[in-house]
Amino acid sequence: DINECERDACGNGTCRNTIGSFNCRCNHGFILSHNNDCIDVDECATGNGNLCRNGQCINTVGSFQCQCNEGYEVAPDGRTCVDINECLLEPGKCAPGTCRNLDGSYRCICPPGYSLQNDKCEDIDECVEEPEICALGTCSNTEGSFKCLCPDGFSLSSTGRRCQ
């Protein structure tokens, strides 16, 4: 009897010699072909869309890899992509506003007196935005607000926007 296993008959598998023939036991990620050879399984094609959700499946020899979309990372099981919580990743990212995690992204929610500029909450300079905001007084910008400073002999109205 010839030992067919001596010629590496199975490729990516383990060969077991039998009388007049041989058997192949394929390694993980390989299947037995019709001509008794172990060939690569294309997990991306056979995964029915369940692999690498929120990313792209890339077949590799004996396995596959997930290339995730922006805002996602490979899950611990390596089979799909999960949302990155940018708010937890960078605490204070939206300060003085609050960060809201979204699927694949995030959004900054700014408090009054601030506006969203380049994904950050920036102070609005009310004195520049509304030059007449402090009638008969001087406007002084503060973080998130402003103050009206009245000249001698004047007092600030109850609205805080007029010297009288």
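For all residues, glycine too, the Cβ spot is worked out from N, Cα and C.
Beyond the domain 'EGF-like' (1-36), the same-chain residues lying 6 or more positions past its ends with a Cβ under 8 Å from any Cβ of the stretch are 43, 61-63. What TrEMBL records for 1-36 (among others) is domain 'EGF-like'.
Annotation source TrEMBL lists disulfide bond at Cys5-Cys15. According to DSSP, Cys5 (disulfide bond) is assigned to a helical segment.
Under 8 Å from some Cβ of the domain 'EGF-like' (40-82) lie the Cβ atoms of residues 12, 27-31, 103-105, all in the same chain and six or more residues away from its ends. Look at TrEMBL and you will find 40-82 (among others) tagged as domain 'EGF-like'.
Per-residue pLDDT, averaged across the domain 'EGF-like' (83-122), gives 95. If you look up TrEMBL, you'll see 83-122 (among others) marked as domain 'EGF-like'.
Shown for the domain 'EGF-like' (123-160): DSSP residue counts in helix, strand and coil, namely 4 helix, 13 strand, 21 coil. The domain 'EGF-like' annotation in TrEMBL covers 123-160 (among others).
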Worksheet item: For Cys15 (disulfide bond), what is the tally of other C-beta atoms lying within 10 angstroms of its C-beta?
Response: 20
Worksheet item: What is the total of other Cβ atoms whose distance to the Cβ of Cys5 (disulfide bond) is within 10 Å?
Response: 16
Worksheet, complete the sentence: the domain 'EGF-like' (83-122) resolves under DSSP into 4 helix, 18 strand, 18 coil
Discussion item. Quick check on the domain 'EGF-like' (40-82): DSSP residue counts for helix, strand, coil, in that order please.
Written reply: 4 helix, 18 strand, 21 coil
